[in-house]
Structure formats: C-alpha cells, structure tokens
Amino acid sequence: MVIIRSFFITGTDTDVGKTVVTSLLTRFLIDMGVNAFPYKPVQSGATTNGARMIPSDAQMYQLVRPEFDVTDFNTYLLEKPCSPHLAADLANITLDRTVITKQVHQLEEAHDAVLIEGAGGLYVPLTNDGYCYIDFMEELNVPTILVSALRVGTINHTVLSIEAMKARNLPIAGIIFNQLQIGNPVIEQSNVETIRKLTDTPILGFVPYSPDIHTVLADDKLRRHLYKDWDKRRFKELIHSD
C-alpha cells in the first residue's frame, strides 16, 4: 500500500540541479506506481510573457507532468532572481507560511507523494523574519533528499548540509549526486566515498551529465536512462508499507 507522503528536495547550494532531480524523481516514482507531484512553493526569477508570469522551474516540471498547467506547481511566483524573502519584498508581497503548508497538505490528499523543492540551500531565508527553509523542513518533518553537485568543494558543502540537518533531527532519506559537467571519474568517485564515510548517509543515486536536459526530460527512454541505477530498494522502503 502506498503511503501518502511528502519528500523535501534541498541542495548544498544554488544551481546544483534540484529541479532536474525533482523532475526525474517524479517520473522515477511514477514508474514505481506512485502518483508523484513536483511542487516548488516559491519560484523567484520567473519570466513574464505579456501579463502572465512563467515559472522556469515549473516548465521543467511540466515536461514530466504535461497534464498540468505550468502555473499548477507553485504557490508564489516572483520576478526577481534572488532569495525568496528579498524577491517578495521587492514585489511588495508577503509570503505566508501557513498558505504554503496548507497547499502541501492539499496536494498530499490528491497525490501519493509530493516532492517539495526548496530554493538554494538549507539556510536560504523564506521570509524576512529570519525563517529559513531548514525551519520549514523541520516543521514539515518529512524525509529530505539532498542534491549535491559532483564538483570541487562538494565534500565540504555536502557534509555541512548533512550535519545541519542532523542537528535539527531531520529525517534524511539520502543523497543524490548530480553531474553538472564531465569530470574526472577518479576524483568524483573519491568524493562520493568520502562523503559516504563522513556522513553515513545513503546514496540514492547519480544523475549523469546531459548537455540538453530539457530534451532528455521530455523523452521517456532518455529520461529513464538517467535514473536507471537509482536505489529502488531504498525508495520502496521510504514510500511503501504493509
């Protein structure tokens, strides 16, 4: 029996591939028989098309859930490409955490799994009163998937992120590594093994580099190739019960 459950997708930094991983994870779970829905509560850096604001990250979501409108994946759309608290201030908008939480629960009622994507890393402010994404994660108390980029510096960034979550007693589902460019496989493997030893955290999978990720996400065969080696057993433990 599938549990109705949310997962929080966070990253070690901005531009590490959270949206790519969230999109892939959506289809990965759907392939496992789980009705998964990607959701980014606050989208900053939205573009405008006439009077309509277009969320760039949600456009990627729509490639894997094309039956939904691009505006269905966010609660707040903000134009400035900066931290949500500042983008909201610049737009004279107040971000209401209770509205976001209510939206999460409504989505949970409609889907088996809701994949909640944060912005930047753990300590990016969500509101200007000092409430950060890690505070929101603590409030939701759902399993967290950490996206880490396979690049120089990833050991420090990943270990610090894991330690910050452990300090808050947040449930950690595991780490997904995203290859942003073709790198040295010896260095990449060493980084992964070092992180595994230092954090004792499950490695859920890897996303190999793709020069045209939008084309890949829109194609079933190409998309499945990116997550073919993900840890299905671990995910089954997280989303199923007797």
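Every residue gets a Cβ built from N, Cα and C, even glycine.
The ATP binding site annotation in Swiss-Prot covers 15-20, 117-120, 178-179, 208-210, and the record cites sequence analysis as its basis. Annotation comment: Swiss-Prot describes Thr19, Glu117 as Mg(2+) binding site. The active site annotation in Swiss-Prot covers Lys40. Per Swiss-Prot, substrate binding site is recorded for Ser44, and the stated evidence type is sequence analysis.
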(message) My understanding is the cutoff is Cβ-Cβ under 8 Å with a sequence separation of 6 or more in the same chain; which residues meet that for Pro208 (ATP binding site)?
(response) Gln179, Leu226
(request) Give me the Cα-Cα distance between Asn178 (ATP binding site) and the residue listed as 'active site', rounded to a whole Å. (result) 19
(request) Write out the long-range same-chain contacts of the residue listed as 'active site', meaning residues 6 or more apart in sequence whose Cβ is under 8 Å from its Cβ. (result) Thr19, Thr22, Pro55, Asp57, Ala58, Tyr61, Phe73, Asn74, Ile116, Glu117, Ala119
(message) Here's one to test understanding: among the binding-site residues Asp15, Gly17, Ser210, whose C-alpha is closest in space to the C-alpha of Ser44 (substrate binding site)?
(response) Asp15
